[in-house]
Every structure is written in structure tokens, then in C-alpha cells.
Amino acid sequence: MGAAEETVRTPTGAGPEPVNIREFEAYAKATLPKNAFDYYASGANDMITLRENRAAFERLRMRPRILRDVSHVDTRTTVLGDPVAFPICVAPTAMQRMASPEGELATARACARQQTLMTLSSWSTTSVEDVAAAAPIPKWFQLYVYKDRELTAELARRAERAGYKALAITVDTPVLGRREADVRNRFKLPAHLTMANFAGAGGSHAEGTKDGGKDSGLAAYVASLIDRTLQWKDVQWLRSICNLPIVVKGVMTPEDALVAMQCGVDAIWVSNHGARQLDTVASTIELLPDIVKAVNGRCEVYLDGGVCRGTDAFKALALGARAVFIGRPVLWGLAHSGEDGVYQVLELLKKEFEMAMQLTGCTKLSDIQRSMVTHVVSYQSKI
């Protein structure tokens, strides 16, 4: 893709300000280079799980309680002990400077304005140190485990030195899921950008993509550098070389949740990688209740995947999540208006979440009960 195609396009008559996440996404689709938008938006294979992440939320129905004083609503909570203003946090998304020139810096500043937590991707186009300095908020660092274990260890130590509060270890990517849009586009990171956390390592690490031939350049990058031998003992190794809490991101079964707790992890992140890895796995909101039951309060449980309404966050909390994380909506906000766009996306979701609480008779998060969510197939059958 040529340099001219890698610039953000400004549509003529872009229309009014978006009033929901879907409209932010439509703006991004109209303005971002196809290479970038398709990379952000696509799921694996037939994208069945991508659709299910949304459809499963839509199949859930809410059961409000009435005639309660909801003149004041408190949405505050903590995530691994750090306070956030509301239980909607930011998930790691790679290469944010493809969406906006300031990329991850803009996201960090918007999160600071909203008093919520940000997770920085290993594949950030801004360094872990620069993002840490951008805004005084709790931040986590998402970590892939590379074949080069010393490089992996140094990334973890850099995050710790920079003040990050936890490592979110992504455990669902021994290989990259087949994203057909990236194959068609022969996806590559634009030449003017690098994987900033690997600037010192140079070569393939910093380039972020390799010559994929007829495939995605990112798939070739993952195949050459990511460690396919990753096992539970390696999670324990990470704990031994770093003092940060460990969050395991990519748990999809109660069985693995139990193993994670046996390994002493600090939190479990229910995720199907935004439906970008194994297609036809279940939606995360459908997986959540059984995992919460298995964990039985012994550690915090989070969820991402398909969250694009405040009511989605309410449903996830009702089913046992401590907080939810959003990925693509942040990118759509960045594409729209940088830092202000991310702020607007978070503000929109926060206001929708507050309204959901008011309209169900909840004034604090502990009021949100499992009985307030049921399945559309059978109103009498609780999840």
C-alpha cells in the first residue's frame, strides 16, 4: 500500500457527531486507510465469533426493579486495588498510530481524563515509557511471550520500572488466527511506524511485520517470533522475574481458570481475542458465568469482546465480572478525533452504564444482581 493510501482520509460532509459506537465505527471506516480499518475491524475466518460477541449480548434481557431512589448513582470501583471511576477499562489494541498520529498517547490522556485504566499492547507504536509518562493513571502492560526469553523478561522489567501496575499475559496466541481481510490486503505496518517497544532490538521485532508473501505480514511476524511452546510453567517463570501482579488474558473455560488459580495468578481475563483467533468459539459473555462459578470469588474476573453499550457492561457485571474492557471502540474514537474521540467514547459508555443502573433501580455496583439479567429464549430460565 502506497504512502498516499496510508494517510487518514477526510470525507466530504462527514455528518453530525456520532451518538453511539456504531456511528464512530462508520466514521472510522470512511476515513481510515483500508489496510488499517480492516486490520482493526476483522475477525478470524468466517467471523462467526465476531458476530456472536455482539449477538450474545443482544440475547440477554434485563429485569429492572422499580420505585427506588436513583437520584445519585455511584459507579466507582477498584481493579486489582486501583480505583477507577466506572468499571469500563481499555483493552490492549496494537498499532494505534495507524488510527491517529498520537495513538497510544492520546488513549492514555483520555483515560486519565475519565479516571479509568488503560492496558498497553506489546505491539504499541509508542514505547512503554512514553505512554507511562503521558498520563498519571493506573496502566497495565499486555505481554506476548517471545522465543527470545531475555527480550520478554526485559519488556516485563521495563513495564515494572515505568510504573505499570500489572502484566496481562496473552495466552491464546501460539499462532495468529487467520484474518482473511489481512491476507487480502497483505497487511503490513505502515513504513513510517514501528513497534516502539522493540526499537532497541531492531530488525523484525521493531518492524512489526515481515514479508508474508501471499499471507498477512503480521502472521509471518508472529510465526517467526512468538513462542509456541508457552505453557503454565512459563506463567510462573514470569512471576519469578517480575514483581507485578499477573493477569491471564485469554481464558475461555472453567478448567483453565482453575489451573490459572493453581498457578497463583492475580486475575482472570475472559477473552476470545476480539474473535480474532479461533473462529466459532463461544462469545465471552456466554463463557463468563461458568468461569465465575469456578473461580468462586478467589480472584477478580474481567471480560472483553463485543462490549459497545453501557448495558453490555451492566450485563457482564450482573453475571460476575469485576469490570469490562473495550478495544475496537477506542480505535474508532481515535480515528474520529484522537484523544477527544476516545474521551467521547468512554463518556458515552459511562453515561449509558449510569442510565442502565438508574433504570434497573441500582445506585451502587453491589446492587447489580445476577437476577437482573435473563435470556431471551426463556424469560423464566435464569442464566
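Residue numbering: from 1, along the chain as shown.
Cβ from N, Cα, C; glycine included.
Automatic, uncurated: that is what TrEMBL annotation is.
The following features are taken from TrEMBL:
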| type | residues | note |
| --- | --- | --- |
| DOMAIN | 13-378 | domain 'FMN hydroxy acid dehydrogenase' |
| BINDING | TYR39, TYR144, ARG179, HIS273, ARG276 | glyoxylate binding site |
| BINDING | PRO92, THR93, ALA94, SER121, GLN142, THR170, LYS249, SER271, GLY327, ARG328 | FMN binding site |
| ACT_SITE | HIS273 | active site, proton acceptor |
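Between the CA atoms of HIS273 (glyoxylate binding site) and PRO92 (FMN binding site) there is a gap of 10 Å, rounded to the nearest whole number. Within 10 Å of the C-beta of PRO92 (FMN binding site) we count 24 further C-beta atoms, all protein chains included. The two recorded residues, GLY327 (FMN binding site) and TYR39 (glyoxylate binding site), have Cα atoms 13 Å apart. Counting only the Cα atoms, the space from LYS249 (FMN binding site) to TYR144 (glyoxylate binding site) is about 10 angstrom. Model confidence over the domain 'FMN hydroxy acid dehydrogenase' (13-378) is summarised by a mean pLDDT of 94. In sequence order, SER122, TRP123, THR152, THR170, THR173, ILE226 are the residues near TYR144 (glyoxylate binding site), counting only same-chain partners six or more apart with C-beta under 8 A. Checking each of the binding-site residues TYR39, ARG179, ARG276 against GLN142 (FMN binding site) by C-alpha distance, the shortest gap belongs to ARG276.
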